[in-house]
Amino acid sequence: MNYDHPGFVLAFSALLPVLAAGLALLGGLRMQQLPWVASACALVLALWALAGARSVLGEDASLSLSIFYGMMIALTAVQFGAVMPRESTAEGGRPRLIGWLVFVVIWTVVVQFAVAGWTLNLVDGWLVTGLGLLDFGGAAMLFLSTAAGGLGWLLVNRTRGPIVAVAAPRRAALTIAFLWAGFFAVTVGSEAVPDATALAAAVNTVVAPLCAAVAWAVVERIRHRRFTLGGTVRGVFAGLVAITAAADVLTPTWAGILGLAAGALAAVVSGPRGSALGHLLAQLSAAALGLVFIGILGEGVGGLLTGSWVQLGAQLFSVGVVAGFAFWFAATMAIIVRRLGAQLDWLRRRPERAV
């Protein structure tokens, strides 16, 4: 993006901390875990300011856009809170939390910075310029890669018991309000100027989540014979994630169809309610569906509307590259961190055994 309205961008940047609060409520973060998440966010922002902004967005990137995308990338740590070890106060839990912190920072710098460069840099980004990827709000960077990375970490570190549980949202109205306000920053703010596209993105950001919540409720009713407040929250979240990439190329009608599809798909793949695995699978499926939907029904590019399926191929390839790279690096990092943690634990216990 070679132009922007600084005041417009900075105003929506101020809403991104609200999205962080909504994601924290959705992921069930506890008070004692927040300092670790805040530390990870601070480290990521510092590295972004020192080297990431120019290397990812280019030398001519404006200060307002650098701040906007830096705050978006910092949300990675909040999303990875869903797979954070819950033993935050026990003596044996601190090394695991340190390992989580190291993983989040390294993964974000290597994967998120790379994906941001591929999808946001309109000059050198090979997915957006060479392949023609369309991703309006940065869903590939912000949600697709994070969900794939979280799955990589979770599947390596799971135990015999239930996979790391995510607390069901108790303050449903507050969670929805925070998420919705924050996603307006992601979708409308990504246009960077107040124009007709920004207005269309705002309308779609309202329509898609409403339809997704309805679809999730229907699936929940069929599967569990009742509705839940937590399901409504997660349905809204699925719709918001899905519309992030396509907010500028869909009419409100098609945005509603996307919301219905995303809500139903996310509800089906979410698995056990309240699990981190289900939460990440729902996020991954919604983000991927939103990106793929552009190639099917995107205005001026969708295969069903234009007869050309080139854009769909570009979207599918990009989804595979981003998700595959994020999952592979996360799983590799998780194995390394786990082995290092085991070695350090062995060294720590060795003097005790000797005594």
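Cβ atoms here come from the backbone N, Cα and C positions, even for glycine.
According to TrEMBL, the feature transmembrane segment maps to residues 231-247, out of the candidate ranges 180-196, 231-247. Counting residues 6+ beyond its ends, the transmembrane segment (198-219) has Cβ neighbours under 8 Å at 136-137, 180, 183-184, 187-188, 190-191, 227, 231-232, 234-240, 242-243, 246-248, 250, 252, 255-264, 266-268, 286 in the same chain. For the domain 'Ammonium transporter AmtB-like' (68-340), the mean pLDDT of the prediction comes to 88. With Cβ pairs under 8 Å as the measure, the transmembrane segment (63-85) is packed most heavily against 6-29, out of 6-29, 36-57, 136-156. Remote same-chain residues near the transmembrane segment (36-57) are listed as 20, 24, 29, 65-66, 69-71, 73-78, 80-81, 84, 88, 97, 100-101, 104-105, 108-109, 113, 116-117, 120-121 (criterion: CB distance under 8 Å, separation of at least six residues from the stretch ends).
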